[in-house]
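Below you'll find the structure, written out as structure tokens, and then a few comments.
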Amino acid sequence: MTTEVETAPGAAPPGGGGISVVGVTKRFPGVVANHDVNLTIRPGTVHALIGENGAGKSTLMKILYGVQKPDEGQILVDDKPVSFHSPTDAIKTGIGMVFQHFMLADNLTVLENVVLGAEGRFGIGDRAREEIRRISDDFGFDLDPDQLLEKLGVGQRQRVEILKVLYRGARTIILDEPTAVLVPQEVDALFANLRELRDSGRTILFISHKLDEVLAIADDITVMRRGETVGEADPKTATKHQLAEMMVGAELPSPETEESTVTTTRMLELAGVSLVDDGGRYLLRDIDLAIHRGEVLGVAGVEGNGQAELVETIMGIRKATVGTVSLADQDLTRWPTRRRREAGIGFIPEDRHRHALVLDAPLWENRLLGHQTSPALNRRGFLRRRAAKAETSRIVEAYDVRTPSINTHARALSGGNQQKLIVGREMSGDPILVIAAHPTRGVDVGAQAAIWEHIKNARREGLAVLLISADLDELIGLSDRIQVILRGELVGEFDPSTVTPQQLGSAMTGGRGDRS
Amino acid sequence: MNAGTVVLKVGQAVLAPLIALAFAVVVTSVIVSVAGSSVSEFWEVMLEPPSKRSWVNILNQTSMLFLAGMAAAIAFRMNLFNIGIEGQYLLASYCAAVVAGAALLPGKLNVAAAVVVAMVVGAVWAGIAGVLKVTRGVSEVISTIMLNAIALTLVGWLLNQYGDSAGQGRRTTPIPESSRLDGFSFFGYFAQADGRVWTLSFVAIVVGVVLAVVINRTRFGFDLRATGSNDEAAVASGVGIKKMVVVAMLLSGGVAGLIWLPAFFGDGYYYGTPFQSNLGFTGLAVALLGRNRPIGVAVGALLFAWLSVQANPLQLFADISPSIVQVTQGVVVLAVVAAYEVVRRFGVAQEQRSIRKALQRTGRLEEGAAT
């Protein structure tokens, strides 16, 4: 709001963009989300902000982006105090934000997505196209303004998001966990882009809890814990261990698994499964796969290479075009989802808000979801509400779901606690196979460790587990075998005890990533 | 759930309609005064305790509006917009009138037959939209609107073709004396001159209770609600969503078929001029007002019935057109949608606050235990 919005097309962006946060406190009724937060972001640097989920990073981010106003303290941009009433003010001051969940429309082109809401800058026609090309070339984004968004991969989408904020004239870019959705090679590409941005004089605030990445990219590191900034670290000298201790006050848990419990009894078997879409395109091609009792099979792959379709085919949400799916020697290729669940498949979907919860229903009703037909929870078509509530209480207790009550709406819980509830629910009802798709995505370190523990327990108790994850450390740590999926085909099997994330990464991209 | 949260929840449920009603009162008053009429006279007429005769009318209208509201609510609970209630009860009423008029069965059995016919016809007419949606992906909004037009034309044509002439128009054959229902006088509370509360009004109560149980207590109801709030999660949980869409439309249409039957057997006796149209559209508003919950819908139906019946003497006593209450009804519905959202957000924020508080407490306890 202090600077002029319009910069001439093609003009070099102004430098600067250093931000100081001085003594910011934000209270919500009953809780202090930020307490005396101090942060100095030097202009032209990559500054990492790390901390567990719930450490107050989001609140600070929202304050910097004008979504919320601080109760106390000050924000200085280029040493001038500013006060934001809305994100529009923040954008005018040159602060842009890239959210973890992309805010893009699939059915629009890159150009249309970028100009949406910023039509006033360069119009919506050739001038805008020119500007997008210029930004894309300057930073090596390699984006075609007229490409449809739905054709783009995750890494490209992220670059569109970054382009969006640059297009709006941002000098400071806040990135919220940008690597959560990327494979190692894409992370490298992103970091290359970020370095270019830094070299052009822009300032980047990088929010993450992946310590390796923070050490690789950051010039400065600030650690948050329980709503306070607890310290700063120099990435040149700091170790992962030190950062972890600052973050959680303890060593990070690791997903290491113990001695093998694999048996020779086949639980899940896919034979020659292909899935063809309406346009004749193969989403899955000739998948052969078996998971045994007590075995965790990991599936690695760049997102969008058929993992979701594989899961949906096993769950019966999609029906295999050819091939058979069987569970414990029963052919369930033509069974509907409900019957498959009754046969003992537990399902932890990748997007818990979309596929695993009814957010505006109480926890105990969410306990029923997917188990509506279980005799423990319904009698002759009538729900056994008392049993469902007792069951929910048990899960809340056993899986350490932090909630004031089982009548609380699912929406009110944090991501980690929602996920623990889902894991608890899917482990109930004696499943013989559990499908876990990105089970620890977006949950804090504590919940992550708990979920890993539950998966290990399940394996020990003789369940078969299909684990799909983008976190290669998680895959390597938990799996007994790892299969790599690429363009709907299983292209290789690896032994987690010998494979490195780099090898997996290169198999996931079809060998193109060998250079690392 | 402790007493405090119960009070809070009830407060939230009641607060929004009250805000909306207050807003509607203000807007209506402004319009009345702008139109140059007396605001005080307007409200005097509207709020005057109803006569016994008016009470009978209010209760009768309430029962029909409630049925219409519940028909809409069932579909709404599954995120389906059954705009076609109007056409469904129109066609169902006509068919029921034809069947009852033919008097194939004696006496009261004739009533039962007509009820079954009406429900089946309503269900089938709504089911067409459901089947189109799941097989061809046609939006139920569009198809039900079109089915409304088709039903109207179809009934008009059938009536012209096969109806008995009566005066200027046509009508179905009146039902025999033995199939007419006397109605309730509530142990003589309502005198003969006041009219009667239609016998089949009790059907509204039965429908309300049954649906409340089905939606809240059964697995089917759970699947329905889950599909309505998050269809993808419902699919992942094993709900066969296509079947659910068709079943929900059938149910909604079946209830819609009942709407006019109380009036038919209690007062009208044939399909023609006595037929009261537009109840289907009003039902959508009533369902919105009542948040698709049976009790809410009942209150909404009562409010709408009250407004329209009490407005009748407006012209006489205050020289105001009774149509003004349609403004009130419209504003209530618009305002209530906004008010529910505001109250809902408030509720969510409240809940999050209480969670933080509760977790902070346990956090401290854990810390205390650790040291």
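For all residues, glycine too, the Cβ spot is worked out from N, Cα and C.
Those TrEMBL annotations? Automatic predictions, nothing curated.
Residues annotated as transmembrane segment in TrEMBL: B:12-35 (among others).
According to TrEMBL, the transmembrane segment annotation covers B:55-76 (among others).
According to TrEMBL, the transmembrane segment annotation covers B:88-105 (among others).
Residues or ranges marked as transmembrane segment by TrEMBL: B:111-132 (among others).
With a threshold of 8 Å between CB atoms, the same-chain residues lying at least 6 positions outside the transmembrane segment (B:141-159) that come near it are 81-84, 86-88, 90-91, 94, 125-126, 128-129, 132-133, 170-172, 271-272, 280. Residues annotated as transmembrane segment in TrEMBL: B:141-159 (among others).
Feature annotation from TrEMBL assigns transmembrane segment to B:197-215 (among others). Within the same chain, residues 56, 59-60, 62-64, 66-67, 70, 73-74, 77, 111, 115, 181-186, 190, 221, 224-225, 255, 258, 261-263, 265-267, 294-295, 297-298 sit at least 6 positions outside the transmembrane segment (B:197-215) and bring their C-beta atoms closer than 8 Å to a C-beta of that stretch.
Taking Cβ pairs closer than 8 Å, the transmembrane segment (B:244-263) reaches residues 60, 63-64, 67-68, 70-72, 74-75, 77-78, 80, 82, 84-85, 88-89, 92-93, 96, 114-115, 118-127, 129-131, 133-134, 140, 198-201, 203-204, 207, 211, 220, 223-224, 227, 234, 274-276, 279-280, 283 in its own chain, all 6 or more past its ends. Per TrEMBL, transmembrane segment is recorded for B:244-263 (among others).
Residues or ranges marked as transmembrane segment in TrEMBL: B:269-290 (among others).
Annotated transmembrane segment per TrEMBL: B:297-318 (among others), in sequence order.
For B:324-343 (among others), the entry in TrEMBL reads transmembrane segment. Long-range Cβ contacts of the transmembrane segment (B:324-343) within its own chain (Cβ-Cβ under 8 Å, at least 6 residues beyond either end) map to 12, 15-17, 19-21, 23-25, 27-28, 31-32, 35, 42, 46, 282, 285, 288-289, 291, 303-304, 307-308, 310-311, 314.
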Segment proximity, the transmembrane segment (B:269-290) to the transmembrane segment (B:111-132), 3 or more C-beta pairs under 8 Å: no
Which of B:55-76, B:88-105, B:269-290 contacts the transmembrane segment (B:297-318) most, counting Cβ pairs under 8 Å: B:55-76
Residues of the parent chain within Cβ reach of the transmembrane segment (B:55-76), under 8 Å, 6 or more residues beyond its termini: 82, 85, 88-89, 140, 190, 194-198, 200-201, 203-204, 207-208, 211, 215, 224, 228, 248-249, 251-253, 255-256, 258-260, 262-263, 266, 276, 279-280, 282-284, 286-290, 292-294, 297-298, 300-302, 304-306, 308-310
